[in-house]
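Remarks on the structure that follows.
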């Protein structure tokens with residue numbers, strides 16, 4: 001996992017296997033609040049084309065912040081992690097961007 005100074009968080013799972021399938025939760029906290037978002041990863045053992053994943057309804061009521069409002073005290077997601085499908089052996093990158101003051 002890497003965290004940049006400007007609020008980007010990236011989780012890379014290298015050479016995924018079926019055991020890496022599941023829900024991944026990105027949690028951002030600071031002194032004034034907490035926000036979380038969930039992404040689903042499905043690993044397919046075959047090499048056949050797979051349909052894009054559906055968006056999860058389990059989003060804890062957190063909404064994306066419009067780009068024209070780049071300030072928030074409590075943590076807010078500018079870019080939420082996206083659900084993804086992968087084939088066994090692929091690398092999967094889950095990316096999100098959060099803002100808050102103080103920084104989450």
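Backbone N, Cα and C define each Cβ position, glycine as well.
Record features (TrEMBL):
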DOMAIN    1-46  domain 'Ig-like'
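Counting residues per DSSP class in helix, strand and coil order gives 3 helix, 29 strand, 14 coil for the domain 'Ig-like' (1-46). The average pLDDT for the domain 'Ig-like' (1-46) in the predicted structure is 89.
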